[in-house]
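According to TrEMBL, the protein has these features:
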TRANSMEM  37-58  transmembrane segment
TRANSMEM  64-87  transmembrane segment
TRANSMEM  99-119  transmembrane segment
TRANSMEM  125-146  transmembrane segment
Amino acid sequence: MDKLRRVLSGRDENEELGLTSQVLDASTLSYSTRVKWFVICFASGILCSILGTALLFLPNGIKLFAAFYTLGNIAALASTCFLMGPLKQLKRMFEKTRLIATIVMLLCLVLTLCAAFWWHKKVLALIFCILQFLAMTWYSISYIPFARDAVMKCFTTCLS
């Protein structure tokens, strides 16, 4: 009834609550809007990662690489918030099945920036970027049923 009253009085619910409310609860966004922002955010994440890789070969490019590569991974990770909502995303990130992958991924994001900007260790920054990639991959395949088992089986078969 309150919603009807707001609409009839000319005060739309979105005007009162603002964009923050829409972002916090993806279900208030239309499906097409969520998909569009997912694609925009994910594509910008990929673009940042590619740009960071290209900047790696410049003098002092390790800092730019670390910053853009990490920003790209954060944008790609944040893009899924538009599909399922940030609260549901956080709950899923810290479920038992992907808790370790999430912690390692977030830790690698932070350590990459620390190695590049504070510790000034180029090799360590590159190692953390590689670990960041591996952790993000392991985290991503955790959403595909039985994908981790298949990867582990392939890995153990290749080592045997």
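Using the three backbone atoms N, Cα and C, a Cβ is placed for every residue, glycine included.
Panel annotation: around the transmembrane segment (37-58), residues 29, 64-80, 82-83 of the same chain, lying at least six beyond its termini, place a Cβ under 8 Å from a Cβ of the stretch.
Residues of the same chain lying 6 or more positions beyond the ends of the transmembrane segment (125-146) and with a Cβ under 8 Å from any Cβ of it are 62, 65-66, 69-70, 73, 76-77, 92-93, 97-98, 101-102, 104-105, 108-109, 111-112, 115-116.
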